[in-house]
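To keep things clear, I will list the structure first and then write my remarks on it.
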């Protein structure tokens, strides 16, 4: 989860988020090198007295500044496309959960079970217990098994929403009349918080998401108690 005054990303809890962090570092290094080169050239232009006012063309320079940016863009695009394909790939999910956005709460349905569904509302500030997080706690958490491929089917009953859990690298739009899907797999147990990431009305800020990732045996006990 996020911490006060945090500048970086949340800790990665899924293979997708780990890949996104590596891609961010890769891209940031390219941006740093380009920025350093530009600042170096600007400093040279400001400090040197040599000018080339009579130069009409320089084919070598033009070739370099055409080919070099193309190579840089390829170095950025290839890993980006790889991650995009990884995010769209869903192979033999062990569990499917249908998520519906409402103004202003989420509803969940475990489609592999006959009657396992519930609504998830934010707990008001005045009802929080000591140690609970303001604007992030819900009355019904989404309990899921860890280290298993889970397919999330996401849609909306009214307006545009967006189901997002940063530490898992997830952000999928909930669109009325359309069913989007994404996959998640957590590498360790814990509570993972998210929020609606699409402005959806006056209470947009009060649509938290809480995932509770547990070992499979605990999930089986929980699902049996809910039926």
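Glycine too: its Cβ is placed from the backbone N, Cα and C atoms.
As the structure is a computational prediction, the values presented were derived from the model and not from experiment.
Per Swiss-Prot, the feature Cu cation A1 binding site maps to 161, 196, 200, 207. Taken from Swiss-Prot, the feature Cu cation A2 binding site applies to 196, 198, 200, 204, supported by similarity to another entry. Per Swiss-Prot, Mg(2+) binding site is recorded for 198. Taken from Swiss-Prot, the feature topological domain 'Mitochondrial intermembrane' covers 1-14, 88-227. What Swiss-Prot records for 46-59 is topological domain 'Mitochondrial matrix', and it gives similarity to another entry as the kind of evidence. The transmembrane segment annotation in Swiss-Prot covers 15-45, 60-87.
Excluding 196, 198, 200, 204, which define the Cu cation A2 site, the same chain contributes 101, 104, 159, 160, 161, 162, 197, 199, 201, 207 within 8 Å (Cβ to the Cβ centroid), listed in sequence order. When Cβ-Cβ distances below 8 Å are used as the criterion, the transmembrane segment (15-45) is approached by residues 9, 72, 75-76, 79-80, 82-83, 86-87, 166-170, 184-185, 187 of the same chain, each at least six residues removed from its ends. Counting same-chain residues at least six beyond the ends of the transmembrane segment (60-87), those with a Cβ under 8 angstroms from any Cβ of the stretch are 15-16, 19-20, 22-23, 26-27, 30, 34, 169, 182-183. Summarised as a single figure, the pLDDT of the topological domain 'Mitochondrial matrix' (46-59) averages 70.
Surrounding the centroid of the Cβ atoms of 161, 196, 200, 207, where the record places Cu cation A1, the chain contributes additional residues within 8 Å, namely 101, 103, 104, 106, 162, 174, 195, 197, 198, 201, 204. Minimal Cβ crowding within 10 Å, among the binding-site residues 196, 200, 207, is found at 200.
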